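Trainee: Reproduced below are the annotations present in Swiss-Prot:
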- Trp157, Asn158, Lys181, Pro182, Asp183, Ser184, Gly232, Ser233, Leu255, Glu386: NADP(+) binding site (BINDING)
- Glu254: active site, proton acceptor (ACT_SITE)
- Cys288: active site, nucleophile (ACT_SITE)
Amino acid sequence: MPVPSSAVFECLLSLAAIKDVDARPTRTIDEVFTGKPLTTIPVGTAEDVEAAFAEAREAQANWAKRPVSERAEVIRRYRDLVIENREFLMDLLQAEAGKARWAAQEEVVDLVANANYYARVSAGLLKPRTVQALLPGIGKTTVGYQPKGVVGVISPWNYPMTLTASDSVPALIAGNAVVLKPDSQTPYCALACAELLYRAGLPRALYAIVPGPGSVVGTAIADNCDYLMFTGSSATGSRLAERAGRRLIGFSAELGGKNAMIVTRGVNLDKVAKAATRACFSNAGQLCISIERIYVEKDIADEFTRKFGDAVRSMKLGTAYDFSVDMGSLISEGQLKTVSGHVDDATAKGAKVIAGGKARPDVGPLFYEPTVLTDVTHEMECADNETFGPLVSIYPVADVEEAVEKANDTEYGLNASVWAGSTPEGEKIAARLRSGTVNVNEGYAFAWGSLSAPMGGMGISGVGRRHGPEGLLKYTESQTIATARVFNLDPPMGVPPTLWQKSLLPIVRTVMKLPGRK
């Protein structure tokens, strides 16, 4: 199926948390592949955000009272609806975000897997647990979890379903409400996921989508929420962290990256070259965890460069709403300008183009070829700065030591990839990298898809984690309840205070030696 109809967009628009839609100024949403208008979206205001929070707080109080099992069942129904509507969701992702269909399918798979994981584990994670008390048998200590309240989510355009719905699901299961600002370029992807959540039984006031500019809607969300989740640039993340810090609320963010791949002797270069095309050019390189630097041992660098260049040149660009295309479009003129600027700057300063290197307006207005450079030096803009597009540079290195040193020579630390002669060798190299996730024998998907493990960045690549238990519990306040069941620390009846105080330390030391105490 091609571009969604105007009736579909009209239906989704009715779900936006804006009361007087027809009276608002609007922003045009284009089909990325062609540049032709698809529809419009009303521009939200700070007042819309405040109204959404007022309704969300009322809805959240009732939602939090429902058993975790009931909340999880809503998410299971949502999961099933995603599967039923997968073709429509992929169509919308392609139209609004310009993805190749296989890249759109990655998002749909993530929606299903994420919802399934948190629906399955949430009851166990949120169940109050007994922990070691001060005095065994005499005291009892339990840890419980209360929802934060209303969570704010500010999501980006590059993965507009994964990074809206999949960040919201654990917050909702934990008993929170969510007020979300989608990126202004991809609001209907967020609304489509919201529609499925509502159909699954989620109260509408509990999950509010407020489209609008970040400077207005995003700021208002940051100023009203009880916890803030953000995905975007490191610069914007820093400003939001400062704002959250002034309010003393929790903050989590996945930010930029300049992700490295290491290739050592003994690998199957044909296999690595093929895998590297996906690692570098998924979603036209507009992926926070995609690879932009490849460090290859000198002995195999020429052969790898040739094989990788051949693989990249064979990639098919296109606008088809099917699986015949390898790479889709950039999303905006701004992204196209950044990629073109980085390539032009590098080649003007001596970099060599192995593959790609130019825009492709014959395919679509925002297409750029997947590009591979060599001879890149630090005075070139693309050497240290994130491109966030279909551009990767190859660097020959003397050995693994140099590869690790250069891979770690960055402010970022989001994702990395290692291809070594053996899996144990690859895992040893991985453990030395300053990166929140490292994939061995894979570019990014295994770490991202390991939903029971935390995902996030080191350095300026992020704060906090999504996925795993951390991705759910961050949306809660832990509460310790300690009960003195026999006596407390006051002297027992008939025991002089002086004698009691002298006895306390020996008692504690004895308790420390009991089995199971550490």
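Cβ atoms are placed via backbone N, Cα and C, with glycine included.
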Trainee: State the count of C-beta atoms found within 10 angstroms of the C-beta of Lys181 (NADP(+) binding site), not counting that atom itself.
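Mentor: For Lys181 (NADP(+) binding site), the count of other Cβ atoms within 10 Å is 29.
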Trainee: Quick check for the class: what is the C-alpha distance, in angstrom and rounded, between Cys288 (active site, nucleophile) and Leu255 (NADP(+) binding site)?
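Mentor: With the alpha carbons as reference points, the distance is 7 Å.
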Trainee: By a simple count, how many Cβ atoms lie within 10 Å of the Cβ of the residue listed as 'active site, nucleophile', its own Cβ left out?
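Mentor: Summing over all protein chains shown, the residue listed as 'active site, nucleophile' has 26 other Cβ atoms within 10 Å.
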Trainee: Where does the residue listed as 'active site, proton acceptor' sit by DSSP, helix, strand or coil?
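Mentor: The residue in question, the residue listed as 'active site, proton acceptor', is strand (DSSP, three-state).
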Trainee: Looking at the binding-site residues Trp157, Leu255, which sits with the largest number of other Cβ atoms within 10 Å of its Cβ?
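Mentor: Answer by Cβ density within 10 Å: Leu255.
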Trainee: Under a criterion of Cβ-Cβ distance under 8 Å and sequence separation of at least 6, what residues of the same chain contact Gly232 (NADP(+) binding site)?
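Mentor: Those within reach of Gly232 (NADP(+) binding site), by Cβ under 8 Å and sequence separation of 6 or more, are Ile154, Pro156, Ala253, Leu255.
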Trainee: Just counting, how many other CB atoms are there within 10 A of the CB of Asp183 (NADP(+) binding site)?
Mentor: 24
Trainee: If the NADP(+) binders are Trp157, Asn158, Lys181, Pro182, Asp183, Ser184, Gly232, Ser233, Leu255, Glu386 per the record, what's the largest distance between their Cα atoms, in Å?
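Mentor: Farthest-apart Cα atoms in Trp157, Asn158, Lys181, Pro182, Asp183, Ser184, Gly232, Ser233, Leu255, Glu386 are separated by 24 Å.
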Trainee: Using a 10 Å cut-off, grab the number of neighbouring Cβ atoms around the Cβ of Glu254 (active site, proton acceptor), all chains included.
Mentor: 26
Trainee: What's the CA to CA span in angstrom from Glu254 (active site, proton acceptor) over to Trp157 (NADP(+) binding site)?
Mentor: 14
Trainee: Three states by DSSP: which one describes Cys288 (active site, nucleophile)?
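Mentor: Assignment for Cys288 (active site, nucleophile) reads coil.
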Trainee: Under a three-state reduction of DSSP output, how is Lys181 (NADP(+) binding site) classified: helix, strand, or coil?
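Mentor: Its secondary structure by DSSP: strand.
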